[in-house]
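J.: The domain 'KARI N-terminal Rossmann' annotation in Swiss-Prot covers 2-182. What Swiss-Prot lists as NADP(+) binding site is Tyr25, Gly26, Ser27, Gln28, Ser51, Ser53, Asp83, Glu84, Val85, Gln86, Gly134, and the listing cites sequence analysis. Taken from Swiss-Prot, the feature active site applies to His108. According to Swiss-Prot, the feature domain 'KARI C-terminal knotted' maps to 183-328. Annotation comment: Swiss-Prot describes Asp191, Glu227, Glu231 as Mg(2+) 2 binding site, evidence class sequence analysis. Residues or ranges marked as Mg(2+) 1 binding site by Swiss-Prot: Asp191, Glu195. Positions annotated as substrate binding site by Swiss-Prot, on the basis of sequence analysis: Ser252.
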Amino acid sequence: MARMYYDTDANLDLLAGKTIAIIGYGSQGHAHALNLKDSGINVIVGLYPGSKSAKKAEEAGLKVLSVAEAAQAADWIMILLPDEVQKAVYTHEIAPYLSEGKVLCFAHGFNIHFGQVVPPPTVDVVMIAPKGPGHLVRRTYEQGEGVPCLFAVYQDATGQARDRAMAYAKGIGGTRAGILETTFREETETDLFGEQVVLCGGLSALIKGGFETLVNAGYQPELAYFECLHEVKLIVDLIVEGGLAKMRDSISNTAEYGDLTRGPRIVTDETRAEMKKILREIQTGQFAREFVLENQSGKPGFTAMRRQEAEHPIEEVGKDLRAMFSWLKDK
């Protein structure tokens, strides 16, 4: 079993007297900034001119600067921007101010692992990655708890990089729940694999495939939506709470028997071979190169795929059905 580290393993004093710049104030950015602030750390926020998030950050009591100003003023710089914009922002607004001994932080290893960002050898480069969305990172912190985090060291220029990463994780509440040490390579490759094969790519393809099969067989689209999309949350909640065992213990015997006898016919040896192929594309950097080139060319293919997916019948059916769900109206 991997070792977990907790509050007593991390030294928050390493952040004392330091200024941490949070670059970006989205889902993760606001949670990191506010949690660190509430942990007694001096936090500033770096945003581009005209950012709609500036007012929110200022109303929360945070000092907002341009990205370049924040990078220049900070001892620690946490980049919480979309993967595809990090290289340009780093190159033009952060790199010129990375003086010796500073700490460059990430919450995902994509740009470091695939060589899009190449820091100077005189700075620590670390990763602190909460395994939950920003609103959960913030809410659990306020409740005196936390969200588990991954942490990693890519470059240790000061001899303190590992301790510094753990201190940051403590500052955002991660060590209350437990933090797990990894590497930039492992985090990046497993994260991309999970997104593509299971959580996003695999699940959305499975949902659409099931929906289309029922509709093409003459069943009402609304029933197909309920059975193949809506009830996914009911099952996933059980799995998150207690693993596959709790899910199977909570469903009917009919459903469990169907799971055990028919499920393996969906994920076949051919499917597993494709999973291995996708993993290899991630490991070799093929996916990263494809994604970077797509963004550099203005995202024509990405935009077309988004448009095509938005026009899928499941979206129209879902929109009408969700209007009936009173528990969603407040959201």
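Every residue number used here counts from 1 along the chain in the order it is shown.
Including glycine, each Cβ sits where the backbone N, Cα and C put it.
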J.: Quick check: in three-state DSSP terms, what is Tyr25 (NADP(+) binding site)?
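T.: Where Tyr25 (NADP(+) binding site) sits, the three-state DSSP reduction gives coil.
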J.: Based on Cα distances to the residue listed as 'substrate binding site', point out the closest of the binding-site residues Asp83, Asp191, Glu195, Glu227.
T.: Glu227
J.: What is the nearest of the recorded positions Asp83, Val85, His108, Gly134 to Asp191 (Mg(2+) 2 binding site), using the Cα of each?
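T.: Closest recorded candidate to Asp191 (Mg(2+) 2 binding site) by Cα: His108.
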J.: Could you tell me the C-alpha distance between the residue listed as 'active site' and Glu231 (Mg(2+) 2 binding site) in angstrom, no decimals?
T.: 31
J.: Give the distance between the Cα atoms of Glu227 (Mg(2+) 2 binding site) and Glu195 (Mg(2+) 1 binding site), rounded to the nearest whole Å.
T.: 23
J.: Which three-state DSSP class does Glu231 (Mg(2+) 2 binding site) fall into?
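T.: In the DSSP reduction, Glu231 (Mg(2+) 2 binding site) maps to coil.
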J.: Which whole number is the mean pLDDT over the domain 'KARI C-terminal knotted' (183-328)?
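T.: Taking every residue of the domain 'KARI C-terminal knotted' (183-328) together, the mean pLDDT is 97.
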J.: Highest Cβ count within 10 Å among the binding-site residues Ser51, Gly134, Glu227, Glu231: which residue is it?
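T.: For the binding-site residues Ser51, Gly134, Glu227, Glu231, the Cβ with the most other Cβ atoms within 10 Å is Gly134.
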J.: List the residues of the same chain that sit at least 6 positions away from Glu195 (Mg(2+) 1 binding site) in sequence and have their Cβ under 8 Å from its Cβ, in sequence order, or write 'none'.
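T.: Correct list: Gly201.
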J.: Max Cα distance spanning Tyr25, Gly26, Ser27, Gln28, Ser51, Ser53, Asp83, Glu84, Val85, Gln86, Gly134 (NADP(+) binders), Å?
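T.: Greatest Cα separation within the listed binding residues comes to 19 Å.
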